[in-house]
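Worksheet: the structure to be examined is printed underneath.
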Amino acid sequence: MAPQLPLDVASAPKLDDDGHPQRTGNLWTCVAHIITAVIGCGVLALSWSVAQLGWVAGPIAMVCFAFVTYISAFLLSHCYRSPGSEKMQRNYSYMDAVRVHLGRKHTWLCGLLQYLNLYGIGIAYTITTATCMRAIKRANCYHSEGRDAPCDSNGEHFYMLLFGAAQLLLSFIPNFHKMAWLSVVAAIMSFAYSTIGLGLGLAKTIGDGTVKGNIAGVAMATPMQKVWRVAQAIGDIAFAYPYTIVLLEIQDTLRSPPPESETMQKGNVIAVLATTFFYLCVGCFGYSAFGNAAPGNLLTGFGFYEPYWLIDFANACIVLHLLGGYQMFSQQIFTFADRCFAASFPNSALVNRSYSVKILPWRRGGGGGGAGRYEVNLQRVCFRTVYVASTTGLALVFPYFNEVLGVLGALVFWPLAIYLPVEMYCVQRRISPWTPRWAALQAFSVVCFVVGTFAFVGSVEGVIRKRLG
């Protein structure tokens, strides 16, 4: 799953009677938020996924995940209000909805998986950024020295450490309200590199005058190896699609009337159709351009060599997107950690005391106003340093792009995108057990559980196999 950016873009939003920002969103802002949340670095693995599945199963898999994503979003959009009246309580986040509908135990499960997913995304983004920075260096080398030059560089570890150092600095941004600019930049970069990948695949297909690939996809030495590859491909597609974690936050931006659920359902249809069309184009044009040799990452696997400056620009866009995207996800964990430490240690100076540090040696206006200062909290310094160091360390140990994306996508696909929305919808609509409607929803959940488990096991096998050489 790609991805999910915060929705607050105003520095000082007006508040409603409940103390939350006033809701002014409409259908088109809803669609824009969903597309921004969904399209991320996972799109670059789709050509590889189609190559593993072949010309029939690959597109069908993407369409099936689009359908599952829509059903999941449809169910969850009805859980914004509890227990169903437009005048009843609003659930401002996914965890709020789980707590209201399913109780404390399910809330703990939801929180554990959400934060585990956010942490894993930090690892994946560290891996991807290093790969892209290395690709920029190789593209320039191939352009100047020729395609047969020994340009394979082994500097990924250095770039991971460099990315970790940058994230350590960015992690001291206090909260979401101070990073709206980072969200805007990340969204623009995401759209830019995805579009470049699509355009390059289309141009190469037209230039070659042939459609590569076959029905069965990449051939493997043994049937079991093929099974594991198919599982990894499904995991990568699962990572690229669902936006369940932020759906209710998006819905909370919509004005009413009309009812938020009505606007959200229309937005789901438009956004899922647009995203699916875009994904099919990227995945299929990439596969048609490279066939079974489709790289794991469309922009870093060197299926494309020229124009080198466009390859460099696209990879630079990915790096800028992931610099911001890492913080968009990590800030949620930082906020949660700050609250937990403050509640557990209310009298601790380490946790609750801040120290003012001068960061600018000049005064505004040449004499009026105070010098620039930053409030340093030692607990934040310690926790965020350990957090960034741990994600960087795990990326150094497991630098496997496709396999890591597959593990993350498969891990949260069923519990967060299927199981919890189905259970909440049954409570919300008071659907009795063993009725036809309940049986249909449970069958849908079971099928998705089997698919998610298959993808998870295959992706874990891929990580272990690569780690063991």
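Start at 1 and count along the chain as shown; that gives each residue its number.
Including glycine, each Cβ sits where the backbone N, Cα and C put it.
The domain 'Amino acid transporter transmembrane' annotation in TrEMBL covers 24-464.
According to TrEMBL, the transmembrane segment annotation covers 25-46 (among others).
Annotation source TrEMBL lists transmembrane segment at 53-76 (among others).
Taken from TrEMBL, the feature transmembrane segment covers 116-136 (among others).
The transmembrane segment annotation in TrEMBL covers 157-174 (among others). Below 8 angstroms of C-beta separation, residues 122, 126-127, 129-130, 133-134, 182, 322-323, 326-327, 330-331, 334, 374-375, 380-381, 384-385, 387-389, 391-392, 395-396, 399 of the same chain, each at least six residues beyond the ends of the transmembrane segment (157-174), sit close to that stretch.
Positions annotated as transmembrane segment by TrEMBL: 180-203 (among others).
Here TrEMBL flags 269-288 (among others) as transmembrane segment.
Under the heading transmembrane segment, TrEMBL lists 308-329 (among others).
Summarising the annotation, TrEMBL assigns transmembrane segment to 407-427 (among others). Sequence-distant neighbours of the transmembrane segment (407-427) (same chain, 6+ residues past either end, Cβ-Cβ under 8 Å): 1, 42, 68-69, 72, 75-76, 78-79, 83, 94, 97-98, 101-102, 106, 109-110, 113-114, 116-117, 120-121, 124, 234-240, 242, 244-245, 438, 441-442, 444-445, 448-449, 451-453, 455-456, 458-460, 463.
Sequence-distant contacts of the transmembrane segment (439-460) (same chain, at least 6 residues past either end, Cβ-Cβ under 8 Å): 68, 71, 75, 227-232, 234-235, 238, 403, 406-407, 409-411, 413-414, 417-419, 422, 425-426, 431. Per TrEMBL, the feature transmembrane segment maps to 439-460 (among others).
Sequence-distant neighbours of the transmembrane segment (53-76) (same chain, 6+ residues past either end, Cβ-Cβ under 8 Å): 46, 94, 97, 213-217, 230, 233-234, 237-238, 240-244, 247-248, 264-265, 268-269, 272-273, 275-276, 279-280, 283-284, 287, 417-418, 421-422, 424-425, 441, 444, 448.
Note on the transmembrane segment (25-46): residues 1-5, 7, 62, 124-125, 128, 187, 190-191, 193-194, 197, 236-237, 239-241, 243, 246-247, 250-251, 253-255, 263-264, 266-268, 270-272, 274-275, 278-279, 282-283, 286, 296-300, 318, 321-322, 325, 401-402, 405, 409 of its chain, located 6 or more positions outside it, place their CB under 8 angstroms from a CB of the stretch.
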